[in-house]
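A.B. asks: First the structure, then my questions, so here it is.
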Amino acid sequence: MGAFNWSRAPKISNHTTIFFSSYGWEMKNLFSEDFHQTREVQNQTQQEIENTGVENEQERARCEWDFKLSAAVSSSTTGAVSDVLGVIEVDPSDSIVATSGIARKIRIYTSESSEETLLLDHATACDYYICTPAKLSSLRWRPGSGQRVIGSGDYDGVVTEYDLERRVPIFERDEHGGRRVWSMDYSHCDPVVGASGSDDGTMKLWDPRCDDGNCVATVQPSLSRSPVCCVEFNPFGGTLIAVGCADKRAYGYDFRMTREPLIVFDGHLKAVSYVRFLDMNTIISAGTDGCLKLWDLQDSHVIRTYRGHVNNRRFVGLSVWKSGGLIGCGSESNQVFVYDKRWGEPIWVHGLEPLEPVMSRAGLDEGGWISSVCWRQVGEGQCSLIAGRSDGVLQPSIGYATPQFKTRQRIGQLPNAKGPTSATKKLQNSGQVLSGK
């Protein structure tokens, strides 16, 4: 199976410039060639020391986690376009994994991973599956349902909820006129509000307690009605919802007042395919320009840009492990990338074995890619990143915290999820952003 490919981040130089002011012409005459050579050696030595410090810090970040492949769940139809895994979701208890995609099935897995790498087939690995009437692009567990209800968005523009105990649909809304639903999500407040983003260029807000009647609100972020690729409510609470659009921007709305966005994130060169909250103060966006961006929620400035993976035209997945400050994404190079939020270069790259050709509708070989990723938020000291491939293979990898990570976490040096900043608190108090109920 695949093996991890470790790549070293480029060195970062901090150059120091010395200004001699009006005495420059005198010093030019007084200093000998030997002095200049000595100065150059000193500057070079100082740069090497600084570069070594930065390099050691980055290397320490790489050494904080140790990953290994724990299983590979394949399909009997390897290479068929009908088995592309477009979405992976883990329930809040981290005990149930749900997958779906173009195969028109929701597969449910509950088996625990073994210490040894397992080679399994979907037919034997999954506990059961539910057939769906259309291809699925999104899955979300409904809050407060006790692992029983999962919502889905499909290619026919329909949002459907399924009761996993009875394995039947219990809720259905057609809000987007038959246009593909790319993403759906639920709020984390009471009462629960649902949202869906679609090819029709709108985000719809709706009440999951009512399967008929009009939606609560309709939001059109882009004047050109560009497709809405992703929606996500703030998982830390409050009323903020993030929206990623094909117009190269991401938006933040208070879902109680959706007339205008509260904040706009403008910096990608191509469509924004995913948005994910990292903590109370920051958000991650992914674009088909091949980069991820970390944004400040207060003033929408870019804190950091992450590059290394390949993403030019497909949905390759984006997931964050909040307690560890790690970001996972796929790549069109058939690799899984893991970034530490402190560094712009990947800290781990998981290269997979070559895939069998994936054929397009036109019969052309499209090669292979990672089509979805999801972290299991298993707590301190251990995590799991589950990757879905374009050939239908599901591959979870287990990450173990090293003593270096545990030491830094104990003494408070890790950038774990923080509470709101003073600016956020001020907005909360004024009722402009993120107020709870």
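Backbone N, Cα and C atoms are what each Cβ position is placed from, and that goes for glycine too.
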A.B. asks: Which of these ranges is annotated region 'Disordered' in TrEMBL: 38-62, 413-437?
C.D. replies: 413-437
A.B. asks: Give me the DSSP three-state residue breakdown of the repeat 'WD' (195-207), ordered helix, strand, coil.
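C.D. replies: Each residue of the repeat 'WD' (195-207) counted once, the result is 0 helix, 8 strand, 5 coil.
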A.B. asks: What are the helix, strand and coil residue counts for the repeat 'WD' (265-305) according to DSSP?
C.D. replies: 0 helix, 24 strand, 17 coil
